[in-house]
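Pulled from TrEMBL:
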type     : residues    : note
BINDING  : 12, 14, 187 : Mg(2+) binding site
ACT_SITE : 12          : active site, nucleophile
ACT_SITE : 14          : active site, proton donor
Ligand SMILES: [Mg+2]
Ligand SMILES: [Zn+2]
């Protein structure tokens, strides 16, 4: 096999780079009534980013502060093996590794957590929902694909707010970069679309016991998945795979 000189490592954030789900965790820490409401709204078919935007507005109205949200983010589970694994790859000169994040969380959550873990320089680009703090400390969250905006028309089952496959294509096209190898670390149903772009020399690191594993096992043939697949359960296994890169 030709040696790998350059590689792109793409990370989903929730349950992939981080060992929890940001949106749900915040309310599990700060307000379980609103955590329950999230589930109710989701079961009623409200789009997920709208669920998070609405419940975070309510948290603020009930007295939840920016400082409390930031502290909850800083203590969110994040495995030390994942920190070691990505730092080692980042600092290794050959192959040269570029990191890209594709996440349905939001800019505020991701940047706060990366800073707390000393990983604020990790990603070349973070593609996610835009968010900011209002002057009085309310998280203001918007959809990546605006409601009523042009749809992404993805045929691979992506939700209306983001097609990670199209985002990966756009990143590669925008930067004009070519990589000897691409790797993708993911767990969710919406992580299936981007790995359909992968070639046979690329590798998907699929978390066990979650929706992506189910899609890979049942839909790989139908959708023509070409890349290698490695399964992992704990972050230490991702570190192990990275150590062999
Ligand atoms: Mg995820
Ligand atoms: Zn898609």
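Glycine is no exception: its Cβ is also placed from the backbone N, Cα and C atoms.
In TrEMBL, annotation is done automatically, which means it is predicted and not curated.
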Residue among binding-site residues 12, 187 with least C-beta crowding, 10 angstrom cut-off: 187
Same-chain residues at least 6 apart in sequence whose Cβ lies under 8 Å from residue 14 (Mg(2+) binding site): 20, 21, 22, 23, 103, 104, 105, 187, 188
Other same-chain residues whose Cβ falls within 8 Å of the Cβ centroid of 12, 14, 187, the recorded Mg(2+) site, in sequence order: 13, 15, 16, 17, 18, 21, 103, 186, 188, 191, 207, 210
